[in-house]
Amino acid sequence: MAFMEKPPAGKVLLDDTVPLTAAVEASQSLQSHTEYIIRVQRGISAENSWQIVRRYSDFDLLNNSLQITGLSLPLPPKKLIGNMDREFIAERQRGLQNYLNVIMANHVLSNCELLKKFLDPNNYSANYTEIALQQVSMFFRSEPKWEVVEPLKDIGWRIRKKYFLMKIKNQPKERLVLSWADLGPDKYLSDKDFQCLIKLLPSCVHPYIYRVTFATASESSALLIRTFNEKGTLKDLIYKAKPKDPFLKKYCNPKKTQGLELQQIKTYGRQILEVLKFLHDKGFPYGHLHAANVMLDGNTCRLLDLENSLLGLPSFYRSYFTQFRKINTLESVDVHCFGHLLYEMTYGRPPDSVPVDSFPPASSLAVVAVLESTLSCEACKNGMPTVSRLLQMPLFSDVLLTTSEKPQFKIPTKLKEALRIAKECIEKRLTEEQKQIHQHRRLTRAQSHHGSEEERKRRKILARKKSKRSAVENSEEQPVKHSNSNNSGSGASSPLTSPSSPTPPSTAEHAPL
């Protein structure tokens, strides 16, 4: 049922995970206030940049909105007197730049809607909650048994995916959650195949996949309904968070976090790896593993959001694995993301940076061995192990899983082929992006090296040596020429040659490298 309109032709499907960078380039003083001119860039291409103008009050408004995180962000303080002085404005400009740098260095904040709207109003001006509510309301006109209880505001990190608490009218005590999501840049399925696969999701039965109660799609988005779990996700357990709270409040600066016990790590890790292997064997692309996509049901983990790959949505950790050219398949993406998840389960927090140079002490050396195989410098450089290889590692190989539920997920052959082609397209876009980032990094390093003080000194020394060598060669050439001129009147009929004359420097030596 096409309950939503198809997106306009030529609509740009932005990858919201591509990092934005911002440089406060200049300031201009008007009669009563100062405006700051900011150059914003998406990704590595300087051509994909634009200017915005912001007042201090705009920064203050952004900062107030980010107070939900509980973070102490370094916004320069207000000043009522002398705030138009040149020195003060220059100092404030540096302070605002530092403020933006701190926000953009935080993985959660850099992806949040508040920052995107501040830096890129042209692409993020829409009210996505209102759009989702309109589309959901259109759907319920023909499905009157469902009823929206309330929006679950900002419980997820995605800008274009919204959630609503639901109920069935004749079962008012049962709580459900509806998710609505727009298309992403990796949607390569045809409209028909996309809608068929979305509608197949409720038929997927697996002990470690969270069941979908209802699913439908149009050419532009998808709507799914699941049972609402009061206990929340694995990330809620680790961060001691309430499931209904906003994502920024829950996870950006948690007051209490706690790593899991070793047996929990072993059991949950084994369950997650088993379901990843099941999906890979089925040819179903995933690529969206993180702690908030793992629902807890007693002592059982169940994977969420299988629809994300069908919608073409980018991964939560995409800005990490695009830096490493060996993480170039969806299986290697899942394995790398599993490393992030295992780190959070072990230490109660995400790693400060990736790759990880050294790991803190853990409850078992077997845990560190898996982390090293997925997050270390060597692993990121040389490639990820397979899911099957992780299952054979000592941390998980002795875990006994007891479940009577038989996995079932029948995908028609035609749709399997469509999934295979879509998976290859997703991996191709990833590979191309990694190649561009790698080339940009090499060029930046070369330019930095060429412009360094040490390199300039080296070039000066080489130039002086070359100049001295040329002078010596010229002085040796003069006596030879004088000797040749004395012999020119000897009456010899053949021209004289001078095999001992110095050979001119090869032009190849001076060819640009």
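Every residue, even glycine, has its Cβ placed from backbone N, Cα and C.
According to TrEMBL, the compositional bias 'Basic residues' annotation covers 437-448 (among others).
Across the compositional bias 'Basic residues' (457-469), the DSSP tally of helix, strand and coil residues reads 13 helix, 0 strand, 0 coil. Residues or ranges marked as compositional bias 'Basic residues' by TrEMBL: 457-469 (among others).
The compositional bias 'Low complexity' feature in TrEMBL is assigned to 483-500.
The feature domain 'PX' is assigned by TrEMBL to 14-126.
Taken from TrEMBL, the feature domain 'Protein kinase' covers 88-481. Per-residue confidence over the domain 'Protein kinase' (88-481) averages 92 (mean pLDDT, predicted model).
For 433-513, the entry in TrEMBL reads region 'Disordered'.
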Revision key, fill the gap. Long-range Cβ contacts under 8 Å made by the compositional bias 'Basic residues' (437-448), restricted to residues 6 or more beyond its ends, are 44, 322-323, 325
Review point. What are the DSSP helix/strand/coil residue counts across the compositional bias 'Basic residues' (437-448)?
Key: 12 helix, 0 strand, 0 coil
